[in-house]
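Input: a single structure, listed below in structure tokens.
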Amino acid sequence: MQQRRKSVFASAPFAMKQAALGAGVAARRNGAPLSLAAVVFALFVFATFLYNEDIKSIADFPFGAGALRAKSPDLHVLQETVGAAHLAAGSIAKRGEEVIVRVLDAPASTAMAAAAGSSSNNSTIEVAKANANANANAADAGVKVDEGQERERDVTLPSVKEGGADEARRREDEEAAEKESSAKAAAATAALRTVVSVPDTCDLYRGNWVYDEVNAPVYKESQCEFLTEQVTCMRNGRRDDSYQKWRWQPTDCDLPRFDARLLLERLRNKRLMFVGDSLNRNQWESMVCLVQSVIPKGKKTLTKFVNGGNSNIFYAHEYNATVEFYWAPFLVESNSDNPQVHSVPDRVIQWHSIAKHAHNWLGVDYLIFNTYIWWLNTLDMKVLKGSFDQGATEYVEVDRPVAYKEVLKTWAKWVDRNIDPNRTTVFFMSMSPNHITPEAWGNYGGIKCAMETLPITNRTTSLDVGTDWRLYAGAQEVLQTFRRVPVHLVDITALSELRKDAHTSVHTLRQGKLLTPEQQSDPKTYADCIHWCLPGLPDTWNQFLYARIASAPWSSDQ
């Protein structure tokens, strides 16, 4: 057992007690009775002993507790400082920054007091004593902390990402923004899902050409990267651009202005295909330029000579829509079906054979057919006896209008049997005219369409520029024979006859090469009065298509 320590106040009375006890023993030995003084002395010694025990008790508990309580305010201050630092750190850490908090180390006496909390009773007593002395010194100094005893240390708090509440708020904000964006997109789509108004009583093809520098052209030559050199007349040296600024004005109504976004919305997840000869390719290039103007770069592509070389395909990525051209100059099979090698002097057709081409037309949502210019090479058409696949070479010559009508009958039968009218809309383009006889419009001494800069206007007599209207009549008859599938005639012939100024003339290609200056100076030989500059007349043809497509009711699957 540990020996009990004596109070400092007990040392002197203890010696006196020993002396008194010695004297008492001697007195009893002598048989002398205890005196009053001895009794008083004994009481004094007993009181002193009790006092000593109280001092021990106080030293064990109250002094230690009192010392710890005396330092508690300093610990609370430290905790509050660190807590505030953590709050500040949390705010900064949301931004992903590293946080450094400067913390003051407590004086040595405070550290001793903190350590004493986990020590034995004896250690607690020693610490309590030390803290008691420190408190006394602090009190004497006016409770002033000696800053020289404080030591600073940097505590780096870990960077943290946004907390759960902040993450939830961020997600809510993102969801709200996404909903708002979706709502705006839906509203924009709804706005595009309009139906263009074209009065049923209005004949769009009867009217006049009006010069309009404000609204024409719809696009610029330099802004359409997909134009071929065959049609870029300004780039190829043409000096006037007035041919681009004539707008067709129907007599009894207005031709709806082309809206590329509205048409693309109609074409979403759909295919539009031009089928026919180089004039339909001319119109296809126009349509590509009309729609591509509102599509950002990187979201549109053009692929040429696919499907065995017969197809060119423009793809609008965002709309999952295609604008395609399929080469079939006679619609039926012929010896001119190779789009890259088709300059065949003796053109032969297989007038009842269309399946080779037609299987490529299945599943298309808008089909635009034409066939004309390749029929004008000779007065009679050569019709194959047998088939190309079997190597047949014999043919018979048939009058052009008869052969033309027979080919259109073959085409009409296939359309009526294979096209779903609930899905596919079919158009037929009437003939695109040539301008190779300038005397027809009163330019005696002129050379074809060369140097023409104005349309034919204010005519009071009929115009004959060489169009074979017999073929036009044959097409009209065949179009009346359809039973299941309605086919819409786009009647461009008469209004296009007025545009002698709009051909490529000498500002074009010949056999894949641009005309040289020497060739351009010889329009009688090299002027192309068949095809059209772009921007130009084919843009108006496509406005007619647009008016028909955009004025139709929206189908249930759109």
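Placement of Cβ uses the backbone N, Cα and C atoms for every residue, glycine included.
Here is what Swiss-Prot records for this protein:
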| type | residues | note |
| --- | --- | --- |
| TRANSMEM | 31-51 | transmembrane segment |
| TOPO_DOM | 52-558 | topological domain 'Lumenal' |
| CARBOHYD | ASN122 | N-linked glycosylation site |
| ACT_SITE | SER278 | active site, nucleophile |
| CARBOHYD | ASN320 | N-linked glycosylation site |
| CARBOHYD | ASN422 | N-linked glycosylation site |
| CARBOHYD | ASN458 | N-linked glycosylation site |
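Feature map: annotations from Swiss-Prot on the structure.
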residue : record                      : CB count, 10 Å
SER278  : active site, nucleophile    : 20
ASN320  : N-linked glycosylation site : 12
ASN422  : N-linked glycosylation site : 8
ASN458  : N-linked glycosylation site : 5
- [ ] In whole Å, note down how far the CA of ASN458 (N-linked glycosylation site) lies from the CA of ASN320 (N-linked glycosylation site).
- [x] 45
Open item on the list: Just to verify a number: CA distance, SER278 (active site, nucleophile) to ASN458 (N-linked glycosylation site), in angstrom, no decimals.
Closed with: 31
Open item on the list: I need the CA-to-CA distance for ASN458 (N-linked glycosylation site) versus ASN422 (N-linked glycosylation site), whole Å please.
Closed with: 43
Open item on the list: According to DSSP, does SER278 (active site, nucleophile) sit in a helix, a strand, or coil?
Closed with: helix
- [ ] According to DSSP, folded down to helix, strand and coil, what is ASN458 (N-linked glycosylation site)?
- [x] coil
- [ ] Return one of helix, strand or coil for ASN320 (N-linked glycosylation site), based on DSSP.
- [x] coil
